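Copied from TrEMBL, the annotated features are:
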BINDING   25-33, Gly71, 127-130, Val171  GTP binding site
BINDING   Asp27, Thr32, Thr49  Mg(2+) binding site
Amino acid sequence: MFEWFWNILSSLGLYYKNAKILFLGLDNAGKTTLMHILRDDRLVQATPTQQPTAEEVIIGSVRFRAFDLGGHAAARQVWRNYYTTVDAVVFLVDSCDRERFTEARQELGQLLDDTNLADVPFLVLGNKIDLAGAASEDELRQILGLQMTTGKGTVAVQDVRPLEIFMCSLVRKIGYGDGFRWVSQYI
Ligand SMILES: Nc1nc2c(ncn2[C@@H]2O[C@H](COP(=O)(O)OP(=O)(O)OP(=O)(O)O)[C@@H](O)[C@H]2O)c(=O)[nH]1
Ligand SMILES: [Mg+2]
């Protein structure tokens, strides 16, 4: 009954769920690029992020307060300051940068194991599939240890953290929409 009511309101643009979302991942993965695309549908050449930035973006019926945190080693130290009341994490991976897959796996693993983020839905985006030599989804699943994910599409989960990987190209503007729609159902 209530769900029906909220659906009507949100379809009229009268009601938004609010969500705090973190964009995490190694430096150069595409976090700031994603932020710019979501914010003003524009592709800008970003420089490495020094200071965390926050923007409000509305996707479907969710009003996301998105935090773009720098990904270089020193910047990762402040990630944990943002873990309270997080509704979702978007973890970006450069799917061409095989030399850094192990590092990406370690960072992702630490996040998934962090008790402050227990139960928080994780959307992993394998970015830059427009480039020749990009890893396939299967390869990335293997190397990141994501063989067991909770499933794409509309999937009810119980007692398990929603976790899924979507391949995308921010430059071509493909793939991430499905990921955001997927994660929105858990917010
Ligand atoms: N070919 C290609 N390049 C991309 C794509 N997405 C981002 N890039 C490029 O990757 C580089 C890094 O992007 P950023 O958005 O600055 O990466 P970041 O994760 O914010 O990096 P830090 O701020 O250092 O943590 C930039 O040169 C982007 O233009 C993509 O889908 N395809
Ligand atoms: Mg950045």
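Placement of Cβ uses the backbone N, Cα and C atoms for every residue, glycine included.
Overlay of TrEMBL annotations on the structure.
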| residue | record | Cβ neighbours (10 Å) |
| --- | --- | --- |
| Gly25 | GTP binding site | 26 |
| Asp27 | GTP binding site | 16 |
| Ala29 | GTP binding site | 25 |
| Lys31 | GTP binding site | 28 |
| Thr32 | Mg(2+) binding site | 23 |
| Thr33 | GTP binding site | 22 |
| Thr49 | Mg(2+) binding site | 18 |
| Asn127 | GTP binding site | 29 |
| Ile129 | GTP binding site | 20 |
| Val171 | GTP binding site | 15 |
Given the binding-site residues Lys31, Thr32, Thr49, Asn127, return the subset with CB under 6 A from an atom of ligand 2, ordered by sequence, or none if empty.
Lys31, Thr32, Thr49
Near the Mg(2+) site, what residues other than Asp27, Thr32, Thr49 in the same chain have a C-beta no further than 8 Å from the centroid of the listed C-beta atoms?
Asn28, Ala29, Lys31, Ala46, Thr47, Pro48, Asp68, Gly70, Gly71, His72, Ala75
List those of the binding-site residues Thr32, Thr33, Thr49, Ile129, Val171 whose Cβ lies under 6 Å from any atom of ligand 1, in sequence order, or write none if there are none.
Thr32, Thr33, Thr49, Val171
Fill in the CA-CA distance, Ala29 (GTP binding site) to Thr49 (Mg(2+) binding site), as an integer in Å.
11
Where does Asn127 (GTP binding site) sit in the DSSP three-state scheme?
strand
